[in-house]
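Taken verbatim from TrEMBL:
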ACT_SITE  K204  active site, proton acceptor
BINDING   G8, S9, G10, N11, W12, G13, F39, F96, A152, R268, K297, Q299  NAD(+) binding site
BINDING   K119, R268, N269  substrate binding site
DOMAIN    3-172  domain 'Glycerol-3-phosphate dehydrogenase NAD-dependent N-terminal'
DOMAIN    193-340  domain 'Glycerol-3-phosphate dehydrogenase NAD-dependent C-terminal'
Amino acid sequence: MYKVTVIGSGNWGSVAAKLIASNTVRLDSFHDEVRMWVFEEKLPNGEKLTDVINKTNENVKYLPGIKLGKNVVADPDLVNAVKDANMLVFVTPHQFVEGICKRLAGKIRADAEGISLIKGMEVKKEGPSMISNLITKQLGINCSVLMGANIANEIAMEKFSEATVGYNQNKSAADRWVQLFCTPYFNVTAVQDVEGVELCGTLKNAVAIAAGFVDGLEMGNNTKAAIMRIGLKEMMTFSKMCFPSVKDSTFFESCGVADLITTCMGGRNRKVADAYARNGGKRSFDELEAEMLQGQKLQGVLTAKEVHEVLSNRGWLHIFPLFSAVHAISTGRLPPSAIVKINEENLRHVQIVSSL
């Protein structure tokens, strides 16, 4: 039998636990109980978040009003949460993954499999390294990914959505993940392209920042559609230049164009970038994140920075005008209005200011 632990308990982590718990109770091949590691916090009333989740079956801070399932058990002890599990679901902000893996090294079962729901990457001198690869290297386990057009609150309310599992060689593990996540309202399919699926989930957040600038400046739907098209083109080009094995067909799965559309229309990155543009870039993303996201983390600005590092190191800035502009705007080097001035003259300016 397979035993599942969800590593992370934010908005998406809590929804993932809900999806999984609804399946483990009905599938004979899985233990009913789903452990969810919670980074312990004190709520305004002084109670510990873990205690409240276990008492009310609800993550009152990150997913209020939604019951997770009585078989979800919150655990503030990371090592204890994973000790019996052989299916590990990683769903934390990507900047915390390396530290979590270091704490887990040598503490997990030898037969464990992992899946990452995390959008982001590490940038090394030799190029980008995906989060799934970091987990595999640090923990010595096979790691698939799950990405898609998945605004968490809509899935929590059981509105129909889709997602894509990306895997390398282990098709049987991918099929198990599909079985674990799939519900009548959450349709999951698998493709053999882990880098392509993961890059889609990562890069679309930078494009959503651009879409938010357009919304904040009230430029209209035509402009937003143009920005999304350019963004999709740059996503495909970047992915294939960094990982030639990436398949074109992956971009037409839920993880690709569908996720790009939904994130540019309604995700947190778009929302905060909208506010940034409406304030003329005078309030920082850090300030807006703290004010607007109630403890959730913004991924798009960090992704834009990581992509910029790759482009700078490889001399590719001129090939990616949208990605270059998003980074320059989000760091205050260009005004939000520059998002629609991605011509050759503006590109030269982006390259100059980015080198300062």
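Glycine too: its Cβ is placed from the backbone N, Cα and C atoms.
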| request: Return the single residue from the recorded positions list (K119, K204, R268) that has the minimum number of other CB atoms within 10 Å. | output: R268
| said: Around the substrate site formed by K119, R268, N269, which additional residues qualify by having Cβ within 8 Å of the site's Cβ center? | reply: N205, A208, T263, G267, L298, Q299, G300
| Got a sec? Which of these binding-site residues, G8, G10, has the most Cβ atoms within 10 Å? | G8
| Nearest of the recorded positions (K119, K204, R268, N269) to A152 (NAD(+) binding site), judged by Cα-Cα distance | R268
| message | Taking the Cα of R268 (substrate binding site) as the centre, which of the recorded positions listed as G8, G10, W12, F39, K204, K297 lie within 10 Å of it? | response | K297
| query | Within 10 Å of the Cβ of A152 (NAD(+) binding site), how many other Cβ atoms are there? | reply | 23
| message | Need one number for the substrate-binding residues K119, R268, N269: the maximum pairwise CA distance in Å, whole number please. | response | 13
| remark: Cβ contacts within 10 Å for K297 (NAD(+) binding site), all chains included, total 15
| remark: Cβ proximity for W12 (NAD(+) binding site), under 8 A, sequence spacing 6+, ordered by residue number, returns V91, L117, N150, A152
| Could you state the CA-to-CA distance between N269 (substrate binding site) and K297 (NAD(+) binding site) to the nearest Å? | 9
| said: Please list, in sequence order, the residues in the chain of F39 (NAD(+) binding site) that are at least six apart in sequence and whose C-beta is under 8 Å away from its C-beta. | reply: S9, P76
